[in-house]
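Everything on this sheet refers to the single structure shown next.
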Amino acid sequence: MTATVRAKPLPQTRRVRQVQPLDYPLLLCAIGLLAFGWVMVTSASMSIAESCCQNPFHYSIRHAIALGLALVLGLMAYSVPTNWWERHGTWLFLCSSLVLILVLVPGIGRTVNGATRWIPLGPLNVQPSEFVKLFAILYVGGYLVRHADKVLNRLSGFIRPLILIGIAAALILMQPDFGTTAVMLATVMGMLFLGGASLLPFIVLLAIVGAGLVTLVIFSPYRLERVISFLNPWEDPFNSGYQLSQALIAFGRGEWLGVGLGNGIQKQYFLPEAHTDFLASVIGEELGLAGMLVLIAAFAFLAWRAMSIGVRAEALKRPFEAYVAQGIGLWIGLQSFVNIGVNVGILPTKGLTLPFMSYGSNSLMVGCMAIAILLRIDVLLRQVESEARLKRGMSWSRV
């Protein structure tokens with residue numbers, strides 16, 4: 001008598017595809033802008049560095065050191081959980097706003113070209129207004145989470161965060177720094193709108209802010225001069241309109257493909273601040289319209305990626321992360337638009353840096369912190385998505 005043994009089928013296992021641990025497109029785009037900025041700062045600053053420091057690579061070396069500090073600060077920011085930023089965002093904003101007062105104290109703040117925006121700390125010059133922009137995003141993001149109902153249903157919920165933001169904006173205006181103030185206010189207003197605030201307070205506030213800005217321009221001689229020179233720089237091309245007219249000449253020389261990297265002429269003592277606020281003009285001259293289109297596309301991608309991270313966070317019921325990501329996206333988009341707009345003559349001169357690219361350690365450090373926070377939010381969202389898929393018994397992936 002023979003017995004038959006039936007083999008049991010082996011249990012089928014699902015094939016699990018591993019997800020990317022980071023948002024590599026976002027990371028590579030940011031690193032690309034940082035590297036490209038270093039190259040262009042080197043190109044734009046060689047003449048002035050040779051003249052003032054007898055070393056054509058003086059500003060390039062300092063920019064490289066600033067890049068190293070910025071990357072270290074970015075790694076530190078990436079290691080901080082998002083809930084820590086949510087808990088301490090208000091205090092970070094308040095502390096950075098208090099430092100703005102120190103900038104205005106005689107003997108503490110450092111004045112360059114008529115603007116008092118820096119505090120010397122050894123070899124570094126700290127610009128608190130750069131950090132205030134980022135911390136304002138964290139503060140407003142946390143406020144929108146804690147007081148969501150008040151923002152939606154009460155006018156006081158809309159006005160309360162604007163009181164602190166307005167005080168910080170007034171301190172920045174006293175430096176004076178009109179560009180940073182405008183970008184910060186526009187970013188905060190955009191976040192409040194995304195938070196569900198009623199449209200009527202926006203219209204009223206925009207009217208008040210608009211009237212205030214017009215008043216500032218009319219009663220401030222240097223701002224009025226900037227606006228007049230912006231409207232027609234060729235009326236006084238050797239005085240008030242000099243900087244913009246030289247920037248426009250740089251773009252005209254660049255044509256379609258540029259004169260070649262390092263071959264620009266306008267940076268040779270013609271264009272002031274070529275390695276800082278007017279770096280885009282050097283790019284336009286040396287790499288032409290093609291280079292500018294690539295640059296604009298890179299900033300548009302960063303802003304879109306940040307906004308898309310915010311949309312994912314909102315879908316996963318992570319409101320703080322959603323507001324912060326969208327706020328960073330608004331900030332990057334607005335500041336890059338304003339800087340390039342100033343360079344091509346569609347906006348008055350503001351004194352804003354080109355994010356991730358212009359010479360200046362503070363701008364680089366804050367930019368790297370912002371990207372690090374975005375990457376940290378993205379990692380958190382990937383973990384939440386993977387846990388949700390595993391609970392549903394599904395393999396998970398992320399494109």
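One-based numbering along the chain as shown.
Here the Cβ of each residue, glycine as well, is placed from N, Cα and C on the backbone.
What TrEMBL records for this protein:
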{"type": "TRANSMEM", "residues": "21-41", "note": "transmembrane segment"}
{"type": "TRANSMEM", "residues": "61-78", "note": "transmembrane segment"}
{"type": "TRANSMEM", "residues": "90-108", "note": "transmembrane segment"}
{"type": "TRANSMEM", "residues": "128-145", "note": "transmembrane segment"}
{"type": "TRANSMEM", "residues": "157-174", "note": "transmembrane segment"}
{"type": "TRANSMEM", "residues": "180-197", "note": "transmembrane segment"}
{"type": "TRANSMEM", "residues": "202-222", "note": "transmembrane segment"}
{"type": "TRANSMEM", "residues": "287-307", "note": "transmembrane segment"}
{"type": "TRANSMEM", "residues": "328-347", "note": "transmembrane segment"}
{"type": "TRANSMEM", "residues": "359-381", "note": "transmembrane segment"}
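Stretch with the most C-beta contacts under 8 angstroms to the transmembrane segment (61-78), considering only 21-41, 90-108, 157-174: 21-41.
Listed by sequence, the residues of this chain that lie at least six past the ends of the transmembrane segment (157-174) yet keep a Cβ under 8 A from its Cβ atoms are 93-94, 97, 100-101, 103-104, 129, 132, 136, 139-140, 143, 147, 149-151, 180-181, 184-185, 188, 192, 197-198, 201, 205, 216.
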